[in-house]
Amino acid sequence: MSLYRKRLKIVRGEGIYVWDSEGKRYLDLIAGIGVAILGHNHPKWVEEVGNQLNKLVVAGPMFEHEEKEEMLEELSRWVNFEYVYMGNSGTEAVEAALKFARLYTGRKEIIAMTNAFHGRTMGALSATWKSKYKKDFEPLVPGFKHIPFNDVEAAKEAITRTTAAVIFEPIQGESGIIPAKEEFVKTLRDLTEDVGALLIADEVQSGLRTGKFLAVEHYKVEPDIVTLGKGIGNGVPVSLTLTNFDVERGKHGSTFGGNPLACKAVAVTLRILRKERLVEKASEKFIKVKGKDVVTTRGRGLMIGIVLKKPVGRYVEELQNEGYLVHTSGQRVIRLLPPLIISKEKMMEVKSAIEGVINGDTEG
């Protein structure tokens with residue numbers, strides 16, 4: 001399946017660009033759905049991660065290795081969590097978070113949000129909202145319920161002393177790039193603290209992209225658990241679940257999680273982000289698209305949703321024809337998740353290209 005009628009075969013990448021099998025170059029504003037955060041073939045990243053391939057790829061979770069120490073040192077420059085569990089994908093990070101919440105609290109109930117997307121494994125899928133992802137796999141994990149996103153009163157009614165955790169995305173990625181409201185996030189934090197429940201911020205898509213390392217930092221709220229994935233390894237499959245409490249050894253685990261290659265990829269990615277100040281600079285690159293069919297532009301930094309009055313499929317295809325690869329987030333939202341190395345000037349070019357395609361449409 002593809003967004004595009006003509007499915008591209010991508011054969012190589014360099015920086016913010018990719019090339020197809022016919023030699024055509026495209027400005028990549030999808031980045032593997034937010035994964036290639038340093039762009040493609042970043043020379044320093046390729047050098048260091050390539051060297052790791054020649055040194056040590058796996059060691060087994062029962063051993064320590066210097067790459068893990070290097071990664072933890074780099075991570076500590078960004079966040080202040082005491083414990084890190086490493087997996088291989090965003091949905092694994094969410095599964096770990098849900099299990100840890102039940103272990104820590106001794107409770108079963110998980111509260112998630114309408115229109116949320118947390119992954120496709122059974123626990124994460126139970127926290128996900130849309131029926132199209134879930135219906136063929138029911139019954140799912142019991143104990144999950146959903147409340148309306150950004151509804152303070154619904155949160156007050158739902159969160160009780162039977163609640164193990166509340167999980168939310170600071171910016172909902174799959175349902176239209178919808179930011180959480182400040183009052184809502186602070187209410188979630190206050191309520192969970194009051195009843196002894198945990199607050200889980202799913203930052204798999206929003207992490208690193210919004211001008212701060214974690215999007216939840218914009219709200220000046222500290223969650224109990226954070227999940228990270230996608231761009232954290234710049235293409236190497238890896239995810240992190242961050243907590244400030246320990247979990248009994250053996251209660252959860254992964255064969256590949258925390259392997260030397262993944263740890264090196266995270267360490268190098270974080271070091272480049274830090275030295276080039278790419279996370280902070282993302283806040284300067286947000287664009288607001290204008291046009292006759294544009295309702296609004298949502299998001300923060302380089303997590304952008306352009307909301308239109310009509311389905312976006314034809315615009316996505318036209319942009320591809322002009323050499324711009326964009327994604328969707330629902331039927332009426334163009335989603336941009338470009339590499340953080342993209343310049344402000346290039347984002348202005350993207351703005352002009354999208355406006356040109358939208359405003360050039362004279363059909364109803």
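Even glycines carry a Cβ here, placed using N, Cα and C.
Record features (Swiss-Prot):
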type	residues	note
BINDING	Gly90, Thr91, Phe117, Asp202, Glu203, Val204, Gln205, Thr255	pyridoxal 5'-phosphate binding site
BINDING	Arg120, Ser254	substrate binding site
MOD_RES	Lys230	N6-(pyridoxal phosphate)lysine
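Each of the binding-site residues Gln205, Ser254, Thr255 was scored by the other Cβ atoms within 10 Å of its Cβ; the lowest score goes to Thr255. Residues listed for pyridoxal 5'-phosphate, Gly90, Thr91, Phe117, Asp202, Glu203, Val204, Gln205, Thr255, cover a largest CA to CA span of 25 Å. Sequence-distant contacts (6 or more apart, same chain, Cβ under 8 Å) of Arg120 (substrate binding site) comprise Thr91, Thr128, Tyr133. Lys230 (N6-(pyridoxal phosphate)lysine) sits 14 Å from Phe117 (pyridoxal 5'-phosphate binding site), taking the CA atoms of both as reference points.
Using a 10 Å Cβ-Cβ cutoff, Gly90 (pyridoxal 5'-phosphate binding site) registers 31 neighbours. For Glu203 (pyridoxal 5'-phosphate binding site), the number of other Cβ atoms no farther than 10 Å from its own Cβ, over all displayed protein chains, is 29. Each residue contributes its Cα atom, and for Ser254 (substrate binding site) and Gly90 (pyridoxal 5'-phosphate binding site) these two points are 14 Å apart. Residue density at Thr91 (pyridoxal 5'-phosphate binding site): 23 other Cβ atoms are found within 10 A of its Cβ, drawing on all protein chains shown.
The Cβ of Phe117 (pyridoxal 5'-phosphate binding site) lies under 8 Å from the Cβ of Thr128, Trp129, Lys130, Tyr133, Glu169, Gln172, Gly173, Glu174, Ser175, each on the same chain and at least six residues away in sequence.
Cβ neighbour count for Val204 (pyridoxal 5'-phosphate binding site) (all protein chains, 10 Å cutoff from its Cβ): 26.
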